[in-house]
Every structure is written in structure tokens, then in C-alpha cells.
Amino acid sequence: MRANDALQVLGLLFSLARGSEVGNSQAVCPGTLNGLSVTGDAENQYQTLYKLYERCEVVMGNLEIVLTGHNADLSFLQWIREVTGYVLVAMNEFSTLPLPNLRVVRGTQVYDGKFAIFVMLNYNTNSSHALRQLRLTQLTEILSGGVYIEKNDKLCHMDTIDWRDIVRDRDAEIVVKDNGKSCPPCHEVCKGRCWGSGPEDCQTLTKTICAPQCNGHCFGPNPNQCCHDECAGGCSGPQDTDCFACRHFNDSGACVPRCPQPLVYNKLTFQLEPNPHTKYQYGGVCVASCPHNFVVDQTSCVRACPPDKMEVDKNGLKMCEPCGGLCPKACEGTGSGSRFQTVDSSNIDGFVNCTKILGNLDFLITGLNGDPWHKIPALDPEKLNVFQTVREITGYLNIQSWPPHMHNFSVFSNLTTIGGRSLYNRGFSLLIMKNLNVTSLGFRSLKEISAGRIYISANRQLCYHHSLNWTKVLRGPTEERLDIKHNRPRRDCVAEGKVCDPLCSSGGCWGPGPGQCLSCRNYSRGGVCVTHCNFLNGEPREFAHEAECFSCHPECQPMEGTATCNGSGSDTCAQCAHFRDGPHCVSSCPHGVLGAKGPIYKYPDVQNECRPCHENCTQGCKGPELQDCLGQTLVLIGKTHLTMALTVIAGLVVIFMMLGGTFLYWRGRRIQNKRAMRRYLERGESIEPLDPSEKANKVLARIFKETELKKLKVLGSGVFGTVHKGVWIPEGESIKIPVCIKVIEDKSGRQSFQAVTDHMLAIGSLDHAHIVRLLGLCPGSSLQLVTQYLPLGSLLDHVRQHRGALGPQLLLNWGVQIAKGMYYLEEHGMVHRNLAARNVLLKSPSQVQVADFGVADLLPPDDKQLLYSEAKTPIKWMALESIHFGKYTHQSDVWSYGVTVWELMTFGAEPYAGLRLAEVPDLLEKGERLAQPQICTIDVYMVMVKCWMIDENIRPTFKELANEFTRMARDPPRYLVIKRESGPGIAPGPEPHGLTNKKLEEVELEPELDLDLDLEAEEDNLATTTLGSALSLPVGTLNRPRGSQSLLSPSSGYMPMNQGNLGESCQESTVSGSNEQCPRPVSLYPMPRGCLASESSEGHVTHSEAELQEKVSMCRSRSRSRSPRPRGDSAYHSQRHSLLTPVTPLSPPGLEEEDVNGYVMPDTHLKGTPSSREGTLSSVGLSSVLGTEEEDEDEEYEYMNRRRRHSPPHPPRPSSLEELGYEYMDVGSDLSASLGSTQSCPLHPVPIMPNAGTTPDEDYEYMNRQRGGGGPGGDYAAMGACPASEQGYEEMRAFQGPGHQAPHVHYARLKTLRSLEATDSAFDNPDYWHSRLFPKANAQRT
């Protein structure tokens, strides 16, 4: 580092030697564009940074600091005040980035397409070296782009910065995450906003503290402390010279919107003239001259001219000027010294857009006809047109072969010069020979052959060359330079009329017509000879200069009988077409044209002459006086103060009357529209039956005409069609009703929707509070289904946007309402097929409705085929039988319902995120299911798991799901645990209220439809107190650690459910007395003895607030018959019994548990108990929990036979509510001991709080739970299986194979299946759903 110190000292001395240059102007340095790519090691990278940015103030480009070591001294960066591009800091090891003076990052270039500041991976995994602090204390403006700061293990105080005060673009993305954790707090004077822990590290706020009158930054909170509009990054005063940085350009310390222009308006000459004080834009600075390696393009300094301009030198200034056509392009020719000997198909494309040929052009027979020896194909004659752009050939032109159908060389019609710097053979610069079909030369623009001889011979059809005066073309002596022979004789050409046009002069011509003349006899216009110009008539009017016709200026008025102009300028017109400004004809008078002292404004008088406005007019005028100024208040002269006051009062009265009348008219129209909307939305139509014997159905839907519907915009698209937002304009009405229009098309084209089918009428007859009612349908080539427009959108978007404002009460009620809506569809025989959170809409924040039901049945069967390649196919929501066999039933909808509830409980997470659609069925076959959401207890999660059972017959029905979620919704904190995270300085408060009634009214307004859907309370007769109370229920939340969260995979969205080892280790730790929480995976199979864990968990969901006594579920294998199992078998009834167990109402009589929209209220009795508020189990009497022997005999359980046993003694009352908590079901531990046990163990109930008011009809929790040990326990009890010696269940013996059966065991329905083979697949045939292969051939049914 001594060498580095020496270099820094030398650099400092050099900077001091520059003296005033550094002090009086900004030190500008170039940036880099390397990204994360670097050359050399860290030492080389440091030296490069030092050379680029030492004493630099403005970085013209990007500031990239990558792979710099921990001992690098970066103090030389402290002078940087502005970066025009982006700032990249990545993979460094230094502790502090010293940019204390950086104020503005302009973001003219952004990293990764969207970030102006990108800071990432600044740490060393093998040491403690890492970036710990960004010293950007003066940064107050990012003009374009966002911020990305991630994965910096030691970087602190990034989340204490108000980035919205710095970033100008409100839509810019700001990502700040995964940085330092153990950081000191901000100093108290910083008020929570700082770059570091010291008092000098406070963030400077320049936007959020400003008064509303300020458009941008400010230097104080008062209205008179706003910064100038051209300021960026703050200011110290209101002037444009007080800015810390400029928004656009800095002109000698003043911030201006543009630099002084190169042309200004001269009021004396009425012309734009060069500005002696012009400056050019160089980055964000106005400079008097561009750097030597830049060129001037209009008002800017650029590195190179754009494609349509060329670089020229004017008075020592390099400038870009328009090319006036093709820009000059030089191309290499053919012949000696070149890579090519002739023009052929291999090099013809290299002459595109060439204006100058450096060398020669040879056209030989091997080029046109091809060269088989070199495998060069024949040349396409049409490609010879590329030479239309050639103006000069520096060498010679040699044409010895030409396409037979081309009779001239008009492809060289723009050729003006043949240089002759290199000559062919005996000194020829133009050689044309043996072209048998050529009749004329066609070199109409050729003016000069600088050197060399001309050889034209053996062209049997060539004429017109006899007339040429070659002395006008050849430069220098002409003696012995012409060798023209053996062409067509002159007399033959004259005899056939192949002579020059009469308009040609005596100089001759290159071919027929007035456009081939070497010179004209009279006038020429655009290279064509004419008899006269359009002096007095014709369009456009012209003047002549050196016998060539030119058009007058467009602003000249065409004259009759006299000349319109005498030159090309606007000051040469005899009369102006529009206005005259001084001597010049203009299209309009100057309006805001920049002059030497500011903008110039003029107005036209009666003669259309432009006259200057009054000097105080700033926005134009219509006359010369002050009162003629535009945008200014007229001064009333001669009016008394009394008259003025009366006029003002009268005007105010008229205005108020007009406003009052307008309001009353608007209110009347509003009420009228509201009533009309209700009439149309609530009224149905009766469809007459086709068969007179049938009874007419009340169909709520209408049959629309296409003229009544108007689509406004596309809301989205799905598997079966596209959804539009639109309006319904009833025929004969003027109201516009907002609706959703779903367009369904048959992609195969085999079906049209001209006829109204029974299924369409069935959909239209459905009406329920929790389904979106079909307003009508419009048949045609594509079917249009019309529903009411719900502006709150889908439930999926709502939970994602308001996840911090959703409580357990609302989530569980949504589950109830979706289940009720689906149960209504089930009662009416309607299978949804596409149930998901995106297809559930919000009518209000407390009421949801199921949408898009019955759509799939409108399409032909082939259109319902599922393709994994289709991204819109809802594979992740579909049941396995639907994926594999296309089987859709109400029970397949139950599977989708479970996924939908999972979406709600994860606040809109994507199921199976990161998996391709084709991988999902294989994953489900292996027994994997979606992971338990963090907010769900095992009760809620097991309801989801039951919805995902492979056998559709043992899934719950929607009626049972509605009852189950209704029961949970009466005590929400018991089943959902939502943690409220508090930010810095924010205390945790009660559950947010969501959208207020006022916001709901604003959401329902449709300004583009001129429609207001809200009326006063006496018009609506709808109370809004229900919604308010539902959203403002004070629900307690639990902040408890969850021991099972280590198994969740947030990246993938599902939980692996076959981790048997975890369960075994958990059991071992439980037996050994450890209270440490173990993860408990949920696996459907494989499990011991061929039993599915999902089967063993059927019916084992906690069903009431008083469930305390646990039942250990014994899993067993069940062989099924080949036919589908009826819904009335024992297992099914046992499951239904557990789900339909009535809940004893605890609320006082007379209190409603649901509102008019089906919103379930929390049980007031439960909410009155402390345990309920804390989310623990309800306190009940012990006798109520244990029950009596008679009650035990009447209870029926699934997959187990329970013996009667005596009630254990009363447990002690817990000392505090902290001893109570949620418990997870242990389904991952080894069950082999319990399955083979013949003894019983007493079940130890969790300590409870007695409550004499609880009824004894309570369900049970199916959990394996042990009494806590003496050590400190966690919030969740460790639930391991009971030892084999203590199981309280009957002996369950394994089924032996043939010849090994126990004599006393008989099974009437037992059918032995074949053993499992390696080639078997779970879905080889549809019979899989009604049978199962056991791992062992001698497995016994239990």
C-alpha cells in the first residue's frame, strides 16, 4: 500500500497544480458500463477506480464499484456530487462507501432495466469483512429508476431510509431486504430516519415535509419555502441559483430548463440568427464548447452523429448536418489490388447504399453467369440496382458483360464522376465492349471523366453516342482519348428515329427522351429538359436560376399574370399566403419564440402584418394595448367600488343558484338511475317451455341483444374465455349499468351458441347470496355471459393487497360463504370445475360470491381436454381424478375448495410454486400435499387435508364444510393465529378495519359511465352497520412460536409428507422427556403397514370449543371393492358424524349469530372468557369433557374400537393462560408399537379451566398428547405417541396371508389383492380409485 499512498500524494499534487481549473469548474469524468465483469485482481480494480474518479465531481455515466478489497482507501470518491447513470456496488469487502457529497443520481441509464442504485452481496463468507454502512447522507434525489439493496449481511440502516422521499418516480420499484439484522438504532435526533447511528447520519427529507403548495422539494415546511421548479435534490432558497442540483441543466450556477439556443430571433431583421452566447448540453451542464472528442448535434454534445447526418467542419467546429439523402458511404471496388476480380453474386450485397467506389468496377461474364469453378452462382440482374446510389468511381468502369434484357446502363444514372486514378489495360477509364443488346449508354448524370481513355466497341445495337460532345465530359487534353468503333452506324440509328430529343442542346444525349440530354436547349427541371418554367401559371410557381427551374417558397401566394417570387427565400415573395413578419412570409406570427432578452410575442393586424405585443404581455395578445394581453384580467376603468361590489355579489348569487339547480338535477337523475338499475338487476323473466306439458321456470337471466352490451376494456382471460368490463344499456333507456361480460368461444369452430340451451337457463335460474348471479346471456357465434360488475375484484387480489388488514374472523367467514355458495350449486346439480380464489369475487369486504360456475359445460367435450402446456389450465387446483380421467363431480370441487382455502390462509400464495404443471400429478400421487399455512392450527389444516383425499367418497361435502367453518368462525382466535408485526416506532394495535363504508362508496362509483350507485340511507334502506361491526371486531392475536414451521418450504409452496425419520426422532425425544419442539410432517403414504396417514386422520378434526380429551387414531389398511364405495358405508357415516356433531350454542337467546349476508359473528360467551381471547381452548368442566360410560357407548368412531375406561382424576387448574396453546397432530411418528399393543395407556388431558356452564355434548380432539414434564415447556406441547404398554385400544392384529389366518377372525368383504410390483403405477388404470395394493401380500385388514 505504500505505492498506493505515493500515487495518491502525486495525484493530489497534480490536482493542486491545476488550481483554478478544478476550483472554477466541475471536474467531469467518464463512467463505465462493465456491470459485474472486471479485469484483473482487486488491486488492479482499485487502481482503475482511482484513475477514473480521483477528484471527480460529476460522473458522466455509471459509477460501478465491484470486487474491491477490504483494505482499499476509497476516500477519493468523496468529491462526487452527481452521477448521470446508475450506481452499482457489488461483491466488495470494504466497510464504508464514502460518498458523503453525492446528491443526485439521474438514472439516464439504469441497471437491470429498472434500478438506479444496485447494492448486493457485499460481504466475504470466509471472513468478517463486509460493507457495513453507505455514507450517502446528502443523497436526496433519484430522477429515474428504483433502488435494489439485498443480501448484504452486515449492511445496516437501509430499512430506516424513506426511499420515497428520494425516488422521484412513484412507480419505481424499491427492494430493500435481507441485509444486516443486529444494527444499532438511529440517534434520537434523527426521528427514525438515518444512514447510520450517529447524530450526523440523519436523512435529509426534502419532499415529505413540504407544504402542499410546493411542487417538488423545499427547504422548510412553510408555503414560502418551496424550491425552484428546476431544482433537484433540495435547495437553500427559492431562487434557481439556490439549488443543490439541477433537474435539467446547470448554466453557470443557475438551473435552467434548456441551455442558451444557437439561434435567437432578431427583432430588427425578423430572422433567427446565430446566438453569440450559445452553449451546448454536455450531460447536465451547459458548456461553451464541446470536448475535443465530441461533435455538435444541434444543441448537444454527442460522441457520434446519428445515421441520417454526417460530420462536417464549419469554422473549426465539428458539427452534424443532414445528409440530404443518403449519407456518404465509401465501398471497396473490384479488379487489381482488390479481393474480387468482378462483380458477382458473392459480393453484390456489399455495394448497398454505396455512394463512392474506392477503386474500380468490373462486370465480366464469369460474374453475371456464375463461376462453377469457384462455386459462385449466377447474378440476379435485379440486384444491379444497388448501383443507383453510386455517384463517384475513383478508378475505372469496365463493362464487358450485361444482362440481355437490360438495354442501357441506367443503374448508373446518378454517376457523376469517373476519377481514372487506376486505368484498365492500355489506360482506359471507361470501357464498354461486346454488349450485344445495349441500345443506349444511359449515363444521364455523368459530368466528368477526370483521366484515362474511353473505349466503346463491338456494341452492335448502341446508338446516341454519335451525338455526344465528349469535350464537355473529359477533363484535360482530349486528343487520342476516344476509341469508339464497331457500334451501330449513325444512319441506321437515324433511320429508326433513335436520335436526341428536340429539347436537348447541341451537346448531344445519352439516350432517348428529354431526361437523357447532356444539356438543355431551354430550361431544366430536376434533370429533365422543359420548354419553360411555371412563372405565371402551373403548380408550383417557379423562378429560374441558370436555366434551371426552382419552386417558390411555400408561404408565397400564387399570383396570376405576374411572377410569384424572384428567389427561393421567404423574403422574395410578391405576396404572402398567410402573414408577413417584416419582409418574410410566415405561417403564423411569432408566439414565444426565444429572443435575445426573452420570448417574443406578436399579433397579426388587419393587413396580416405581424405587430409586437405590449411588453408586459407574457402569454400572447390580440392587440397592441395592455388590455389586449391573453391570460390577464382586464382593468375596469371608471367603475365605482359600489358598482364593482354589487356586480360581484350578483355574480355570486347567480353562481350559487346555478350550482343549486345543477345539484338538484344531478340528485334527481342519480335517484332515477339507481331505481332503474335496481329494477333491471332484480327483475327476472319467465321463459315459456317448448313442451306445453312442462311448467314454466322462473329464469332470472335475460336474453340480451348485442346492441344492448358495450365492452370497455379487458379485465382478464382464462381457460374458457375472456372477461370484459362493460355496460348494459337497456333498450329504450338512457342508463348505463356496469356489468362484466364473459365471452365464451368454441376454439374448434364446431359449435355456435345461437340457441338457448337448458343448461344456459339452469345457470340463469340460480340465485344465492354467495354466488354471482347471471344477469343474462347473449347468444351468437360466441356466447356472452353477463353478470353484475363487482369493483372490489377477486378475492385473490384482495388478500394479497390487504394481508396486513385481514383478521381470523374475516378469513373464516369467507370460508363459510364459499362453502355455502358451492353447497347451493351442489343442490342444483351444478359442478363448478374451476373453483379458485381468483374466481371468487367480493361484493363487499365481508361478503364474497363464487363466480364462473357452469361455464365448462357450455363447451363441447373436446374443448375440455387438459393440456399441461396450457399455462391457464388450473392443474394445481384440480383433483387427481379430474387431471387423469377428466372426471368432474361435486367432490372434485371439494378438492378445489381445499386449495382455495389454502390460498386464503397463505394470503394469496401460489400453490406448488416453482413446479411445472406436468409435475403436479406425480407429486400428488406420491402423497405430497400443500404445506400447513403459518396462521392455521391443526384443526383448520386437517379440514384441508380431508378435502385432498384421493378417494373422492371420503371427502367432506360442502354442507359439512359450511357447518365446520361456521363453528370455527364463532371462536376465530382459537383456529387462526395471525401475528401482527410492528415496525420501528409503531406499536401493535387492534385488528385493522379494512375498507371503510366511505371507501366502499367511492369504489362503487364509475365516473367513466357517469353513474353513481350510492344513495342516501332513506333511498337504499340498507344498513351499513353490519359491515362496520364485522370489520371492527376486536380479535386478540397470538404471538407464539410455531415449532413446525421449519418444515415449511416457502419457495415451493408445498410440504413433503413422507419424512418418517423426523417423526421417529421426535418420538424419541418425547419419550426421553425432552420438551423441545419437533417438526411434524404430514404424509399420506408410504406409512407403516400400508396405511395412509390421511386415512388415519379422517374425522379427527377438533369440532368444538370444549374438545379436550384426545383420541389416538389407529391407522389401518382397507381393501376396497372394484366398484365405487357407496356414500353410506360405515367409514363415511363415521366421518359425517364427526363433522356434523352439533355445537351447543353458548350465546344468550335472542342474539343473532349471522347477519343478513351470512356473516358469522364470534360467540359472545366465548369472547367473554379470557381463554378465548387468548386463542386457547375454552374452559369447560372436567366432567363435561370426560363424559359418562353410557355416553361413550353411544359414540361411534372411525377405524377404531374404543373400550370403556374410568375417568382419570381432575387435572390441576393452570396457573396462567400461558400454559394453554395450540397443539399439532402427530401423524409422522412411528405407529408400529401402538398397532401391535395389547395394553392400554391412560390419556392425559391438557390442564383446563373448569366451567360449569359448558354442556357435556362436546367432540374430542384427535391428538396424541402427553402431560408436560417438569422442565420449561414451549407454547406448544410435544405430542408423541403413547408407549405401547399404555395404549388404551383393542388389540389390532396384522392380517396374515393364506394359511396363516387367525381362526377367530372373519371378514365378509375381504378380497386379497396381488402384491406390489416395481412396475406398478398408482394411475395405471381407473380401478385405482377403488382398490389399493398392499406392500405385503400377507397384510391383514384391521
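Cβ from N, Cα, C; glycine included.
According to Swiss-Prot, the feature compositional bias 'Low complexity' maps to 1175-1187.
Taken from Swiss-Prot, the feature disulfide bond applies to Cys190-Cys202 (among others), supported by similarity to another entry. For the recorded site, Cys202 (disulfide bond), the DSSP three-state label reads strand.
A sphere of 10 angstroms centred on the C-beta of Cys214 (disulfide bond) encloses 21 other C-beta atoms. Look at Swiss-Prot and you will find Cys214-Cys226 (among others) tagged as disulfide bond, backed by similarity to another entry.
The feature disulfide bond is assigned by Swiss-Prot to Cys231-Cys243 (among others). Other C-beta atoms found within 10 angstroms of the C-beta of Cys243 (disulfide bond) number 25, with every protein chain shown included.
In three-state terms derived from DSSP, Cys259 (disulfide bond) belongs to neither a helical nor a strand segment and is classed as coil. Among the features that Swiss-Prot reports, disulfide bond is placed at Cys259-Cys286 (among others).
Residues or ranges marked as disulfide bond in Swiss-Prot (evidence: similarity to another entry): Cys305-Cys320 (among others). Secondary structure from DSSP puts Cys305 (disulfide bond) in coil. Cys305 (disulfide bond) is surrounded by 20 other CB atoms, counting those within 10 A of its CB over all protein chains shown.
Per Swiss-Prot, disulfide bond is recorded for Cys323-Cys327 (among others). A coil conformation is recorded for Cys323 (disulfide bond) in the three-state DSSP classification, outside any helix or strand.
With a cut-off of 8 Å between CB atoms and residues at least 6 apart in sequence, the same chain places Tyr464, Ser467, Gly508, Cys509, Pro512, Gln516, Cys517 near Cys500 (disulfide bond), listed in sequence order. Look at Swiss-Prot and you will find Cys500-Cys509 (among others) tagged as disulfide bond, backed by similarity to another entry.
For Cys504 (disulfide bond), applying a Cβ distance below 8 Å and a minimum sequence separation of six or more within one chain yields Pro514, Gln516, Cys517, Leu518, Ser519, Cys520, Arg521, Cys529. The disulfide bond feature in Swiss-Prot is assigned to Cys504-Cys517 (among others); the stated evidence is similarity to another entry.
Counting only same-chain residues six or more apart in sequence, the Cβ atoms lying under 8 angstroms from the Cβ of Cys565 (disulfide bond) belong to Arg541, Phe543, Cys552, His553, Cys556, Thr572, Cys573, Ala574. Under the heading disulfide bond, Swiss-Prot lists Cys552-Cys565 (among others).
In the structure as shown, the Cβ atom of Cys556 (disulfide bond) sits within 10 Å of 24 other Cβ atoms. Annotation source Swiss-Prot lists disulfide bond at Cys556-Cys573 (among others).
For Cys613 (disulfide bond), the count of additional Cβ atoms within 10 Å of its Cβ stands at 25 [all protein chains shown]. Residues or ranges marked as disulfide bond in Swiss-Prot: Cys613-Cys621 (among others).
The number of other CB atoms found within 10 A of the CB of Cys629 (disulfide bond), across every protein chain shown, is 20. Under DSSP, Cys629 (disulfide bond) is assigned to a strand (E or B) in the three-state scheme. The disulfide bond annotation in Swiss-Prot covers Cys617-Cys629 (among others) and is backed by similarity to another entry.
Feature annotation from Swiss-Prot assigns domain 'Protein kinase' to 709-966. On the 0 to 100 pLDDT scale, the domain 'Protein kinase' (709-966) averages 87 in the predicted structure.
Here Swiss-Prot flags 1037-1081 (among others) as region 'Disordered'.
Per Swiss-Prot, the feature region 'Disordered' maps to 1093-1193 (among others).
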_Which of Cys202, Cys327, Cys509, all disulfide-bonded residues, has a Cβ with the fewest other Cβ atoms inside 10 Å_ = Cys327
*Counting Cβ neighbours within 10 Å across all chains shown, tell me which of the disulfide-bonded residues Cys190, Cys286, Cys320, Cys552 comes out on top.*
Cys552
*asked:* Using only C-alpha positions, which one of Cys190, Cys226, Cys305 is spatially nearest Cys629 (disulfide bond)? These are the disulfide-bonded residues in the record.
replied: Cys226
*Sort Cys504 (disulfide bond) into helix, strand or coil using the DSSP assignment.*
strand
_The one of Cys231, Cys323, Cys517, Cys573, Cys617 whose CB sees the fewest other CB atoms within 10 Å, among these disulfide-bonded residues_ = Cys323
_Let's check the environment of Cys226 (disulfide bond): how many other CB atoms sit within 10 Å of its CB?_
20
*Cα of Cys214 (disulfide bond) to Cα of Cys305 (disulfide bond): how many Å, rounded?*
40
*Measuring Cα to Cα, tell me the gap between Cys286 (disulfide bond) and Cys305 (disulfide bond) in whole angstrom.*
19
*asked:* I'd like to know which of these disulfide-bonded residues, Cys259, Cys621, is least surrounded, judged by other CB atoms within 10 A.
replied: Cys259
*Proximal residue to Cys617 (disulfide bond) among disulfide-bonded residues Cys202, Cys243, Cys323 (C-alpha distance)*: Cys243
*Taking Cα atoms as reference points, which of the disulfide-bonded residues Cys226, Cys231, Cys259, Cys320, Cys323 is nearest to Cys190 (disulfide bond)?*
Cys226
